[in-house]
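J.: Mind having a look at this structure? Questions to follow.
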Amino acid sequence: MPVLKKLIGAALVLGGVGAVAVWFLSAPARLDAETLAQLGPGDAARGKRIFYAGGCTSCHAKPRSQGEARLQLAGGLQLKTPFGIFVPPNISQDAKDGIGAWSEEDLANAMLKGVSPGGEHFYPAFPYASYARMKPSDIADLYAFLKTLPAVAGKAPGHTLGFPFNIRRGIGLWKLLYLSPQPVIALPEGTPDPVMAGRYLVEGPGHCGECHTPRDLAGGTKKAVWLAGATAAEGSGIVPNITSGEGGIGDWSEADIANYLETGFTPDFDSVGGAMVDVQRNMAQLMPEDRAAIAAYLKAAPSHPNGYPARKKPEN
Amino acid sequence: MRKLVIAISMLAFAGSAAFADPILDRQALMKERGKIAGGLSKVVKGEEAFDAAAVLTALQSLEANAEKLDIDAHFPAGSDKGDTTASPKIWEDTAGFKAGNDKYVADVKAAVAAAPADVDALKAQFNTIGGDCGTCHQGYRIKKG
């Protein structure tokens, strides 16, 4: 009996220590002064490129809006995932409902650390696990560009998430596992500049891996099968393998990839579909050398077979 | 397996007849459409010289192809099952799907009517038509493994 009591006591103490540790480990961490010092004054013209590379409007524009209205970043889209429904918020310049009152540092903490001005974790449906690899100066430029966009009143509804995903603090532990500014694919010294530039665009602002890479049970991307394609996290169907492995795009030339991003047509003249339609429209806004860089990186990245299960043959 | 063999034999019999199988029929139309668009894109990208007569012929075949697609006949209820990437949304929002198709047909017809005289005119038309492809493929198609 005394042994059992001791055991229970020890378990309680350990549990207590564990809880305290979890509390500290899960605390939202902001950027350090050194990183903030690199922000500098932004340039709106340069920021426009970052805005389209990052595809902000794909999730934050009013659902189903077209043309100029894509720049009204009122949020409200519903992303239906296995974790629940995520709703991208209003990031227009409205001071009350959007992010018009945010400072440059606030935007940097949101994008590089996933932390809100109020000190809470954002859910990683906001792809800061990719944005964390961005240069602070690019965030400053993006901030300057966002300032040129219209203010739109109206808050988007909140997320609808089940337990335990509704506990924001838990995201702190997720970040310990998955949040890092390090590149995913290590490239040897002497790697050509376009490949390096492409790595930055794909792994950072472009956040291609968020949809094109399979995720583990905790919702982190599996870096070992980077860009191998995945069962769609949102909606249904699959997101294609964009490596040169089996089932991927090994038979596309770099020019084919760049052309697809510019025009939306595959080499055999199928057209872009699904969520990639918005992405491609954003990519079409970049410079030709940006699309060429993305193509060069995709060709240089490791090949993997499809990261999603083969389709069951339909019964006839 | 036997059913499959029978089905394949029947298809072979039917050949390219319009009543063969709505899924195969619509896929064949889309393939043909892509081929024609591919030819035009070579001109748009400057890989092939602009030849007004040849471009108009290509646009006319695109028009003939567009007119062949009949949403009710090629997308009958239940044809989201089988070897297809058609999204159930086609039948949940048939009006929206038809509106997307109507816009495509109208834009192709407009391109034929305003027979492009130079590559810039063709480029503008081609971008409009290409955008129409994306409109339906964005909401009404599901990529599958």
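Every residue, even glycine, has its Cβ placed from backbone N, Cα and C.
The structure displayed is predicted, hence computed values, not measured ones.
Not my notes, these are from TrEMBL:
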BINDING   B:C133, B:C136, B:H137  heme c binding site
SIGNAL    B:1-20  signal peptide
J.: When you measure from the Cβ of B:H137 (heme c binding site), how many other Cβ atoms are you left with inside 10 Å?
T.: 22
J.: To see if you understand the setup: which same-chain residues, six or more apart in sequence, place their Cβ under 8 Å from that of B:C133 (heme c binding site)?
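T.: B:A37, B:Y104 - these are the non-local Cβ neighbours of B:C133 (heme c binding site), listed in sequence order.
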J.: List the residues of the same chain that sit at least 6 positions away from B:C136 (heme c binding site) in sequence and have their Cβ under 8 Å from its Cβ, in sequence order, or write 'none'.
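T.: Non-local contacts for B:C136 (heme c binding site): B:F97, B:G100, B:N101, B:Y104.
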